[in-house]
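Please find one structure pasted underneath; my questions will follow.
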Amino acid sequence: MDRFSSSTIIPESFIGAKDDLTTQLALVWNQIKAPLIVPLLRLAVFLCLIMSVMMFIERVYMGVVITLVKLFVRKPEKRYKWEPMKDDIELGNSSYPMVLVQVPMYNEREVYQLSIGAACGLSWPSDRIIIQVLDDSTDPTVKELVQLECQRWASKGVNIKYEVRDNRNGYKAGALKEGMKRSYVKQCDCVAIFDADFQPEPDFLWRTVPFLVHNPELALIQARWKFVNADECLMTRMQEMSLDYHFTVEQEVGSSTYAFFGFNGTAGVWRISALNEAGGWKDRTTVEDMDLAVRASLKGWKFLYLSDLKVKNELPSTLRAYRYQQHRWSCGPANLFRKMVLEIINNKKVSLWKKIHVIYSFFFVRKVVAHINTFVFYCIVLPATVLVPEVVVPKWGAVYIPSVITILNAVGTPRSLHLLVFWILFENVMSLHRTKATIIGLLEASRVNEWVVTEKLGDALKAKAGGKAPKKPRFKIGERIHLLELGVAFFLFFCGCYDVMFGKNHYFIFLFIQALAFFIMAFGYVGTIVPQS
């Protein structure tokens, strides 16, 4: 018994060594904290507060403008000339503009019938419209299905063209550019673009094309997106909240003030002459739509956003698909900003105020500062102040400004106000990926031109059919663990524990909840949670 007891006693030398190591680490920390850590953290807090103020001013400005727009600004039909298209007895259908409808797709097994059917269902004189399906599919089975679907509509008398390439150079931009080279496109005046999961209503062209016909200064008519699967899970509800703000506020403010906003890449109609004057489609970034919009704006063209015209589409309903989409949407604008900032500054056709709006507001604050500050301030700097009590963040920067920004963002989706806390946590976690993508875009690092097509599950078609198809599994451990998110989760958890034991800031509840959110997202569980309406 004595032998057993003595063998389980921890040697005093080991305990001493452990205490010595702890003491040494504490001494090293105390030695570097005052001369190095404290000044660096104070500088980080200062920079983050500046960025927070920039975001705050931008959000308040847009909030004021959108309020004035809703109260006093006339509707698009009053601001611009708009008259319904009428038949001309002498000219017949030739009085109508020739419209090209482009539907780019890539291995869209789930939605190809839906998208082609919606495009072919557009109401317009049959001899004045061409449906162009740009199929970049690499799956031979899908390719054959798409071709057969086009042949089926052609047999019904629809003027539909099935176009393929022998490569995928330039991805979507390359496909659209190649489609514009076809000889029959030369006779077209306008081009409407719909991604593979978009379902325009039959009267879409009747409500958009007249603006281009009667207002020669307009280059683009952009419609709003309507999400058919927003209630599928908690993640889609969070996406709806973010995108509703974009369409309700950002696009409306840009259209009403500077007649400029970023083309959303789909659900819009371009004047072909404006598209060509701007240089056509370019594949230098992953945001070819924004690239074209900025170049057209610098040529003096104006854009119009129609908030009342909605086009159904599908939100990414898997976390993997959403991560890839957000990488593209964050990396592309930052990279475009790097490529075009000098071109915007040196442009002679637009006013100084419009240049400031595009460079500072549209690009720098919304596409760079917003992503970086959300992650660095709320997920790194603010938690780090728990470990360094000498650095104090003013309450207006830690509480008041983010609260106002959050409330202003939530206005776009009133039905989801009860999910506001979940949205904050979701956005903070996604800010990690957006920040990484933004830095890649600014530095033109290795993944700068990475393009992964957003997976579409055909939820719109299932809803229309009234059936419930089996859902794909959302969680695979081998694909879902993200070490960066886990690392941030452990950092936040450690800061929370430190705050409980030694801290004075009392942020531990926020830190623990945020750590849990990063942990959940690291394993991809959020896609399985269905919210209560």
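Don't overthink the numbers, they just go from 1 along the chain as shown.
Glycine is no exception: its Cβ is also placed from the backbone N, Cα and C atoms.
These figures come from a predicted structure and were not determined experimentally.
Dumping what TrEMBL says about this protein:
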TRANSMEM  43-73  transmembrane segment
DOMAIN    191-384  domain 'Glycosyltransferase 2-like'
TRANSMEM  368-388  transmembrane segment
TRANSMEM  400-426  transmembrane segment
TRANSMEM  481-501  transmembrane segment
TRANSMEM  507-530  transmembrane segment
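Surface or core, plus neighbours and distances: that's what I need for these features.
Within the chain carrying the transmembrane segment (43-73), a Cβ under 8 angstroms from the stretch's Cβ atoms is held by residues 79, 248-250, 252-253, 256-257, 361, 365-366, 369-370, 372-373, 376-377, 380-381, 384-385, 391, 393-394, 397, 401-402, 404-405, 408-409, 411, all 6 or more beyond its ends.
Sequence-distant neighbours of the transmembrane segment (368-388) (same chain, 6+ residues past either end, Cβ-Cβ under 8 Å): 33, 37-38, 41, 44-45, 48, 51-52, 54-55, 330, 334, 337, 398, 402, 427-428, 431-432, 434-435, 437-439, 442, 488, 491-492, 495-496, 498-499, 503, 505, 507, 511, 514, 518.
For the transmembrane segment (400-426), same-chain residues at least 6 beyond its ends with a Cβ under 8 Å from one of its own Cβ atoms are 52-53, 55-56, 59-60, 62-63, 234-235, 237-238, 240-242, 244-249, 378, 513-514, 517, 521, 526, 531, 533.
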Over the span of the domain 'Glycosyltransferase 2-like' (191-384), how high is the average pLDDT in this prediction?
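For the domain 'Glycosyltransferase 2-like' (191-384), the model's average pLDDT rounds to 94.
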